[in-house]
Amino acid sequence: MDYGLQEGSRVLILWDGQVKADVLTELVRRIQATVKDDKLCQVENSQQLGKSHHQTSSFDAVLLGAVTPDMRPTSDCLVDLLSLLKPNGKLSLQLTKTDLDCDKLVYNLKLSGYVDVSMGSSTDLVEIKCSKPNYEMGSSSKLPFSSAVSSNQKSSADVSKIWSLSAQDVLDRDVELVDPDQLISEEDFKKPDPSTLKASCGGEKKRKACKNCTCGLAEELDKEAAAKVQPKSSCGNCYLGDAFRCASCPYKGLPAFKPGEKIVLSEDQLAADS
């Protein structure tokens with residue numbers, strides 16, 4: 001397989017599993033002879049790739065499976081290799097056909113960010129070549145919108161003027177406007193009857209005010225409860241004074257008061273005499 005190496009290229013050989021020393025030694029010798037520098041060829045186990053601390057964008061080519069073609073690269077491994085390659089760097093894969101899903105591998109390569117993916121095969125091996133894009137992953141580029149000259153400047157100017165037109169400029173004579181004074185009638189300004197605003201809290205069952213009641217039912221129930229506690233006279237003369245009160249009158253001992261005046265009695269006064 002032609003790896004497309006040149007003099008000065010920095011190469012990473014990736015292996016996994018059981019490696020034959022003579023095969024690895026021969027491959028390293030061939031690559032060193034091509035790049036003309038022994039230090040430019042490095043060998044790495046794929047299992048230790050994340051711990052190797054290689055600099056990003058530091059390799060011109062990565063050879064995967066050239067020594068151990070039975071290896072199967074994971075998606076994480078492909079992403080890590082992409083970060084190690086320089087822009088336009090090459091990734092070459094040589095893998096055995098046994099239990100190899102070529103379509104899935106090509107899909108994972110494209111999904112990881114590789115471009116120019118091409119596949120070939122020999123008797124026992126599948127050979128795949130791909131490249132890193134000619135830019136760094138995550139880099140940004142300014143689009144030349146500001147320098148572009150519009151071919152239809154007059155049309156653009158007319159479009160921009162539309163936003164500055166007033167309502168009278170765009171209205172047709174046949175279009176009838178709604179009179180804003182007719183949107184709200186006199187009935188809308190009338191204050192509603194409070195009785196119509198009360199909610200049917202509880203329906204026909206025992207009325208119970210809701211929590212944080214706003215319809216007035218809570219105040220009404222409080223008044224009813226206070227009226228039940230307030231003692232009522234059976235003779236109607238309690239307000240005149242003790243001379244007109246019965247012996248069991250709860251107001252006994254209190255000064256005379258006006259009819260309808262609210263009198264607060266203590267619990268001792270409400271208790272029956274023993």
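Placement of Cβ uses the backbone N, Cα and C atoms for every residue, glycine included.
Fair warning: this is a prediction, and the values are worked out from it, not measured in the lab.
Residues or ranges marked as region 'N-terminal SAM-like domain' in Swiss-Prot (evidence: sequence analysis): 5-145.
The feature region 'Linker' is assigned by Swiss-Prot to 145-189, with sequence analysis given as support.
Under the heading [2Fe-2S] cluster binding site, Swiss-Prot lists CYS201, CYS210, CYS213, CYS215, citing sequence analysis as support. Cβ-based neighbour count (10 Å, all protein chains) for CYS215 ([2Fe-2S] cluster binding site) stands at 16. Classification of CYS215 ([2Fe-2S] cluster binding site) by DSSP places it in coil, neither helical nor stranded.
Taken from Swiss-Prot, the feature region 'Fe-S binding site A' covers 201-215.
According to Swiss-Prot, the motif 'Cx2C motif 1' annotation covers 235-238, on the basis of sequence analysis. For the motif 'Cx2C motif 1' (235-238), the model's average pLDDT works out to 69.
The region 'Fe-S binding site B' annotation in Swiss-Prot covers 235-249.
Among the features that Swiss-Prot reports, [4Fe-4S] cluster binding site is placed at CYS235, CYS238, CYS246, CYS249, with the record citing sequence analysis. All protein chains considered, the CB of CYS249 ([4Fe-4S] cluster binding site) has 17 other CB atoms within 10 Å.
What Swiss-Prot lists as motif 'Cx2C motif 2' is 246-249.
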Review point. How many whole Å apart are the CA atoms of CYS210 ([2Fe-2S] cluster binding site) and CYS249 ([4Fe-4S] cluster binding site)?
Key: 38
**Study point:** Entry from the binding-site residues list CYS210, CYS213, CYS238, CYS246 having the most other CB atoms no farther than 10 A
**Key:** CYS238
Review point. In whole Å, how far is CYS215 ([2Fe-2S] cluster binding site) from CYS246 ([4Fe-4S] cluster binding site) when you measure between their Cα atoms?
Key: 42
